[in-house]
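Colleague: The structure's right below; bear with me while I get my questions together.
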Amino acid sequence: MSRLKRIAGQDPRAGFKEGGRDCGTSVPQGLLKAARKSGQLNLSGRNLSEVPQCVWRINVDIPEEANQNLSFGATERWWEQTDLTKLIISNNKLQSLTDDLRLLPALTVLDIHDNQLTSLPSAIRELQNLQKLNVSHNKLKILPEEITNLRNLKCLYLQHNELTCISEGFEQFSNLEDLDLSNNRLTTVPASFSSLSSLVRLNLSSNELKSLPAEINRMKRLKHLDCNSNLLETIPPELAGMESLELLYLRRNKLRFLPEFPSCSLLKELHVGENQIEMLEAEHLKHLNSILVLDLRDNKLKSVPDEIILLQSLERLDLSNNDISSLPYSLGNLHLKFLALEGNPLRTIRREIINKGTQEVLKYLRSKIKDDGPSQSESATETAMTLPSESRVNIRAIITLKILDYSDKQATLIPDEVFDAVKSNIITSINFSKNQLCEIPKRMVELKEMVSDVNLSFNKLSFISLELCVLQKLTFLDLRNNFLNSLPEEVESLVRLQTINLSFNRFKMLPEVLYRIFTLETILISNNQVGSVDPQKMKMMENLTTLDLQNNDLLQIPPELGNCVNLRTLLLDGNPFRVPRAAILMKGTAGILEYLRDRIPT
C-alpha cells in the first residue's frame with residue numbers, strides 16, 4: 001500500500017475495496033500489475049478520452065489478482081506494492097483530468113503532452129513530489145494558481161498551448177531548471193521571472209513578445225535562452241551581464257542593432273539571423289572570446305569589420321542573404337569549418353570560388369594577404385610582414401586593432417622582428433598564446449606604458465619573470481594551460497589587474513600574492529590541485545565577483561567563505577568535498593553562500 005501520508009478526505013478502508021473497476025480493455029491488468037512493482041505506468045497512444053479510475057486508484061484499491069490468492073505466504077505480495085512515481089498518458093484524446101489526480105501523491109513525473117486539455121485540475125497542487133511536468137501540445141489558455149505550489153518542480157514543459165499570460169506566483173518555482181513556454185501567445189514576460197534563480201534553460205520562442213524585462217540578468221545560472229520568432233525590436237542592455245549564458249537565439253525578430261556582450265565570455269552560439277541588423281562593429285565582437293557559432297544570415301549588413309579576426313574560436317559563420325560587397329582578407333586566418341556567403345553582392349570573390357566551399361574561400365582570402373593586396377576598406381596599406389623565420393606578423397592588427405599578435409606559431413621564442421614591427425604604434429594587447437614559450441619574452445618590458453591585456457596561455461611557462469610584473473597598466477592576464485605552480489611576490493605591483501586566468505596549471509594553493517591585489521574582480525583557477533583558500537583574506541578583496549575553483553583538490557569549503565558577499569559567481573564543482581552537497585551547489589552562488597553562512601560557528 002502507499003507509504004505516503006493518507007490524503008485528506010480519503011476513505012481509510014479504501015485499500016481493502018475491490019479494484020479493477022472502470023478499466024475495461026483500455027488498461028490491461030498485466031500493465032497495472034507491472035506498474036505496482038516498478039512505480040511507472042506508460043499509457044501513451046491508447047486513444048483514451050479519459051483516465052480510467054483504476055489508474056488513479058492504483059495504489060488505493062486491492063488489485064484484481066489478489067482475489068485469487070489472499071495467502072500471506074503468496075509469492076506476489078500485492079500489499080507491498082510500490083507507489084506510482086511516473087505516469088505517462090501522452091498522445092491520447094484527454095479533454096480534462098479529474099481531482100482524483102490527488103490519489104497519486106508520490107508522482108515525480110507526470111507526462112500528459114499531446115492531448116486536448118483546456119485546463120488542469122486544482123488538485124495538482126497536492127503533487128508535492130512532482131519534479132517534471134509535461135503539458136505541452138494541449139489547448140491550455142491559462143494555468144491554475146495552484147500549479148505554483150509545486151515547489152520541487154525542476155522541469156516544466158508548456159510549449160504549444162494557447163497561453164496569453166503567465167500565472168502570478170511563477171517566481172515561487174525556486175528549483176525550476178528547465179522551462180519551455182514556446183509556441184504560445186505570450187506578449188510579456190513578468191519581471192518576477194528574475195527570481196527563477198535555478199533556471200538553466202528558458203525557451204520563449206514563437207510567441208508575441210515585444211520586449212524582455214531588464215531583470216532577466218538576475219538569472220545567474222541561465223545557459224540557454226531561446227527568443228526566436230517574436231517581435232523583439234531591442235534587447236535590454238542588462239542581458240549583456242549574464243555571465244553564464246552559452247546559447248542565445250534571437251532569430252526572426254525585428255532587431256536593428258546587435259547588442260554588445262561585455263560579460264558574456266562563455267557565449268558559444270549567437271543566432272541573430274532573419275532580423276534587420278544593418279551594422280556589425282568591433283564593439284559587438286571583442287568580448288565574444290568563446291563564440292563557436294555566429295548566425296547573421298538574412299539581415300541588412302553591408303560590411304564585415306576587420307575585427308572579425310578577434311573571434312579565434314569561431315567555427316561556423318553564416319553571412320548569407322545580406323548586402324555585403326566585400327570581405328576583409330583577415331577572415332581567411334580564422335579556423336572556420338563552415339562559411340555561408342550565398343545571396344550577397346560580392347564583387348571581390350568569384351562565384352566559382354564560393355561554389356567550391358568554405359576552405360577554398362578561406363584559402364583565397366589568405367592568398368590576398370600573402371600578396372600584400374590592399375584591404376577592401378583602404379588603399380595599399382601593408383597588412384602583414386614576413387619575418388626571417390618565415391612566420392608573419394599582422395601589421396594591420398598592430399595599426400588598427402592595437403594588438404601585437406604572434407599566436408599559434410609553436411615558437412619557442414618571440415623574434416625581435418615582432419617587437420620591431422610595433423615601431424611608434426600604440427599597443428594595448430599582446431597575444432603570444434599557443435606557442436612553446438618557456439619564459440616571458442624580455443622585450444615585453446618595452447611596452448609597459450601601453451599594454452592592458454596579455455595572453456600567454458597554452459605555452460610551457462613554469463615561472464613568471466619580472467618582465468611581466470612591470471606592466472603596471474595590465475588589467476587582463478591569461479596564463480592558463482602552462483606549468484605554473486607559483487607566482488612571484490612582485491605580481492603585487494600589478495595594481496590595475498582585474499582578471500587573471502590560471503586554469504590548467506599546477507597550483508596547490510591559491511597564490512598568496514593574489515589576496516593583496518585588491519583590484520581583482522575575476523580569479524579563474526580551475527583544473528589545478530588547489531587544496532585550500534583563506535576566507536578571511538578573501539573577504540578583504542571587496543571587488544572580487546567571480547571565483548572559479550572547479551576541478552581542484554578541496555576537501556572542505558570553509559563556512560567563512562559565505563561572508564564574501566560580493567561574490568556573484570562561485571564555482572566549486574569537481575572537488576572531493578562532501579559538503580556542500582550537490583543539491584546545494586545546484587542552487588547557485590547565492591544559495592551556496594547562504595548555506596556556508598548558516599554553518600559558521602557562533
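All positions are counted from 1 along the displayed chain.
Backbone N, Cα and C define each Cβ position, glycine as well.
As annotated in Swiss-Prot:
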{"type": "MOD_RES", "residues": "Ser71", "note": "phosphoserine"}
{"type": "REGION", "residues": "1-22", "note": "region 'Disordered'"}
{"type": "REPEAT", "residues": "106-127", "note": "repeat 'LRR 2'"}
{"type": "REPEAT", "residues": "152-173", "note": "repeat 'LRR 4'"}
{"type": "REPEAT", "residues": "175-196", "note": "repeat 'LRR 5'"}
{"type": "REPEAT", "residues": "198-219", "note": "repeat 'LRR 6'"}
{"type": "REPEAT", "residues": "244-265", "note": "repeat 'LRR 8'"}
{"type": "REPEAT", "residues": "290-311", "note": "repeat 'LRR 10'"}
{"type": "REPEAT", "residues": "313-335", "note": "repeat 'LRR 11'"}
{"type": "REPEAT", "residues": "336-356", "note": "repeat 'LRR 12'"}
{"type": "REPEAT", "residues": "400-421", "note": "repeat 'LRR 13'"}
{"type": "REPEAT", "residues": "450-472", "note": "repeat 'LRR 15'"}
{"type": "REPEAT", "residues": "496-517", "note": "repeat 'LRR 17'"}
{"type": "REPEAT", "residues": "519-540", "note": "repeat 'LRR 18'"}
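Any idea what these are sitting next to in the structure?
Modeller: Residues 2, 4, 7, 39, 44, 59, 83-100, 133-144, 146-147, 149-150, 157 of the same chain sit 6 or more residues outside the repeat 'LRR 2' (106-127) yet have a Cβ under 8 Å from a Cβ within it.
Away from its own ends, the repeat 'LRR 4' (152-173) comes close to residues 113, 128-145, 179-190, 192-196, 198, 203 of its chain (Cβ-Cβ under 8 Å, at least six residues beyond either end).
On the 0 to 100 pLDDT scale, the repeat 'LRR 5' (175-196) averages 91 in the predicted structure.
Residues 154, 159, 174-191, 225-242, 249, 586-588 of the same chain, all 6+ positions outside the repeat 'LRR 6' (198-219), place their C-beta atoms under 8 angstroms from a C-beta of that stretch.
Distant neighbours of the repeat 'LRR 8' (244-265): 205, 220-235, 237, 271-280, 283-284, 287-290, 295, 569; these residues of the same chain sit at least 6 beyond its ends, with a Cβ under 8 Å from one of its Cβ atoms.
In the repeat 'LRR 11' (313-335), helix, strand and coil residues by DSSP number 5 helix, 3 strand, 15 coil.
The list of residues near the repeat 'LRR 12' (336-356) in space but at least 6 beyond its ends in sequence, with Cβ under 8 angstroms from a Cβ of it, reads 297, 314-327, 362, 364-365, 376.
Secondary structure of the repeat 'LRR 13' (400-421), assigned with DSSP and counted as helix (H, G, I), strand (E, B) and coil, comes to 7 helix, 3 strand, 12 coil.
Helix, strand and coil counts from DSSP across the repeat 'LRR 15' (450-472) read 4 helix, 3 strand, 16 coil.
Here the repeat 'LRR 17' (496-517) is broken down by DSSP into helix, strand and coil counts: 5 helix, 3 strand, 14 coil.
DSSP assignment over the repeat 'LRR 18' (519-540) gives 5 helix, 3 strand, 14 coil.
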Colleague: Same chain, outside the repeat 'LRR 15' (450-472) by at least 6, Cβ under 8 Å from its Cβ: which residues?
Modeller: 407, 426-442, 444, 478-488, 490-491, 493-496, 501
Colleague: Which one, 400-421, 496-517, 519-540, has the most C-beta pairs under 8 Å toward the repeat 'LRR 10' (290-311)?
Modeller: 400-421
